[in-house]
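Q: Sharing a structure here in C-alpha cells format.
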Amino acid sequence: MCGIVAAVAQRNVQEILLEGLKRLEYRGYDSAGMTVQDGSVLSRHRAVGKVGALAAKLAAAPLPGTTGIAHTRWATHGKPTEANAHPHHGAERVAVVHNGIIENYEPIKQRLESDGVTFNSQTDTEVIAHLLDERLSKGEDLFEATRTIVTQLGGAYALGVMSASEPGVVVGARQGSPLVVGVGIDEAFLASDPMALLPVTDRFIYLEEGDLVVLREKGAISVVDRAGQPVERTVHTFEHGDGAASKGEYRHYMLKEIFEQPEVIEAVLEGRLSAGSVLVESFGPDAQALFQRARQIHVIACGTSFHAGLVARYWLERYAGVPVQVEVASEYRYRHPVVPEGTLFVALSQSGETADTLAALRFAKTLGYIGSLAICNVPGSSLVRESDVALMTRAGPEIGVASTKAFTTQLVALMLLTLAVAKVQRGDDHRDIVEVLGTLPGLCRQVLALNGQIEALSQAFAEKQHALFLGRGAHYPVALEGALKLKEISYIHAEAYPAGELKHGPLALVDSEMPVISVAPNDDLLEKLKSNLQEVRARGGQLFVFADENVDITGQEGIQVLTLPYVHEALAPLLYTLPLQLLSYHVAVLKGTDVDQPRNLAKSVTVE
Ligand code: G6P
C-alpha cells in the first residue's frame, strides 16, 4: 500500500504534494512525509499520524521549492514512527519514496552496514536510499543510478527519487506497484493513483511493469522500458471526473458512496442492455467467442470483491448453467489448481491494483485458461490492462476504505456476465431479470429511504462485542459482506453463517447478548430460514430481520423486523446489501470510530 506523489513544477510544490497525499490517504495513513528541493538542499518534514499532522508541520515551517516527493504510509516493515516515515534520505544527497516491499532488503542492508553505512530506520525502503547514494558517489547521475540499483531489488516497488545535485529532476520506477505519470502544462508529476493529481492535470501515462521515467523541468518526460529502450507511452485522459474529491452534504465518504448507489447502478447498466436482452458486445469484441467456449469459470478476488464473486457463483450456476469456483487470490496463487479444459478466469477488483489478485491473474496465465476477464472499477489499472477482456463497473472513485458502491456495481456487472453467458451458450435472454434490472435504481432509493429506521436500530449494537449474520443461498455471501462491514468500521467481532449451518456450532454462542442479523427475501428458502430464526429465538438471541414486505415475519419481543420492497429473487442480494451497509455505518458513527479510514486497513492493498 502506501501512496506516493512527486512533482517537477513551475511553482512551489508543497500544496500540490499535500493535496495529492490527502487524496492518497486511503492507501495508508499511519505517517506521512515530504522532501522538497530548494537549490541543492533537500528539506524534509515527516509526521506520525494522518496527513493532517504533516500539514500542521508544513504550515508552521513551509518547504519552498519547485521539485518534491511525498508519501503516506501503511506500515509493513517497522512501526509507524517518524524515523520509519518516508521520504528516506541517503547521506542528505538523495531522497526516496517507495510503495511496495523489497523482499531481499536484509542481505542488502547487511552488505551496506558492513561497508560502514548507518541505518536510521527499520524499513526495507532505506536500503534504496543508500544504494542510490553509493552510485551517485561514484559519479552516476540519478537516472543511471536508479537503473542500476533496481536490478538488485527483489519484490515490488513504485519509486520516486531525487538527488540534491540534480535540481528539477525526479526519477520514477515501477515494478509490481502502481505508478502513473501526470502530464501537466510545462509540469510533470508522479503518483500511485491519478486521483492524487486531478487538481493539476487530467492527462496520464500508465507506466508498464519495469518502466523507468525521468521528469525534468518544463514538463519534460522520458520513459525507458525494462530493456532500457526509450519508449513512447500513450497519454490517456482521465474519464472519472473529480466528483469524489469532496463529501458534499454527507458527513463521511462512506455514507455518500452508499447513497450514490442508485446512480452508479444506472451507470453500470447504461448501454449494456437492449430490447430485453444483454448486449454481449459490451464486454468487448472478443467476449462472444470467449463466453461460447467457457465450460467452467474460476473467479478470483479479495475482500469485498470476493464476496461479490460468491454471489456470482449462485447466479452463473443457476441462470447460465456453468460450474463456478470462487477463491480468495492469496490462497489461489499458492495452490496448485487444476484447470479443466475450457475454463475462463475472472478477476474481480475495485482498484485493479490488489497485489494478490494481480499475482493470481499472472499465475493463471500459465495454467491454460481460455482467457481472462477483469471486472474492475479503475480504467487503466494493471488488472484491466493485463486481462484479455474487461468490463468496467463505473462506480466512480470510492474513497471510504469499506467498500460499498464498488460491491453493488460489481454485482450488477456479474449479473450482466451471467446473462451474457446464458445468452451465448443457451440462447436464453432471461428477459424477466433484464426487465427488473432497470428498476433496481428505484428499488435502491426505496431502501435508502429506510436510513432513519436503520439508524434507530443501530442503537442496539453500540455496546455489543459480537454479532452474527445469517443468510441462505445467494444471501449467505450478503451476510458475509454485512459481517465484514461491521468488523471493518465498528470493530465489533462479527461472523456470518449460512443459516442452515447454525445448528452445527454457532448456535452455542447465541444468548440474550447476541444480536443476530438476518436477511429474509421472498425466495424458495424462506420457510427454511424462518425455522433457523426460530432456533435463534428459542435460545434468547436478539433477532434483527430485513424481510420482504410480503413475508409473514412480524416484529415481537426479541425480533425487530424492517421490511424491504419486493424484488425479483435474482436481484435480491443487491438490494439486501444496502441495509447492512447502513447498519454498519450507523453503528460505527455511534461508536465514534474513524469510519472512512478504519484502523489498520487500507483501501488498496498493493503489497502481498
Ligand atoms: C482491501 C480493502 C477492501 C477490498 C479489498 C480488495 O482489503 O480494504 O475493501 O475489498 O482490498 O480490493 P480490490 O480493489 O481488489 O477490490
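The count begins at 1 with the first shown residue.
Cβ coordinates are placed from backbone N, Cα and C, and glycine is handled just like the others.
Checked TrEMBL, it gives:
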- C2: active site, nucleophile (ACT_SITE)
- K603: active site, for Fru-6P isomerization activity (ACT_SITE)
- 2-218: domain 'Glutamine amidotransferase type-2' (DOMAIN)
- 287-427: domain 'SIS' (DOMAIN)
- 457-598: domain 'SIS' (DOMAIN)
Q: For the domain 'Glutamine amidotransferase type-2' (2-218), provide the mean pLDDT of the predicted model.
A: 94
Q: How far is it from the residue listed as 'active site, for Fru-6P isomerization activity' to the residue listed as 'active site, nucleophile', counting Cα to Cα, in Å?
A: 10
Q: List the same-chain residues at least 6 positions away in sequence whose Cβ sits under 8 Å from the Cβ of the residue listed as 'active site, nucleophile', in sequence order, or say none.
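A: Residues satisfying the criterion: R27, G28, H71, T72, R73, W74, H86, H98, N99, G100, S192, T606.
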Q: Going by DSSP assignments with H, G and I as helix and E and B as strand, what are the residue counts for the domain 'SIS' (457-598)?
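A: For that range the per-state counts are 67 helix, 32 strand, 43 coil.
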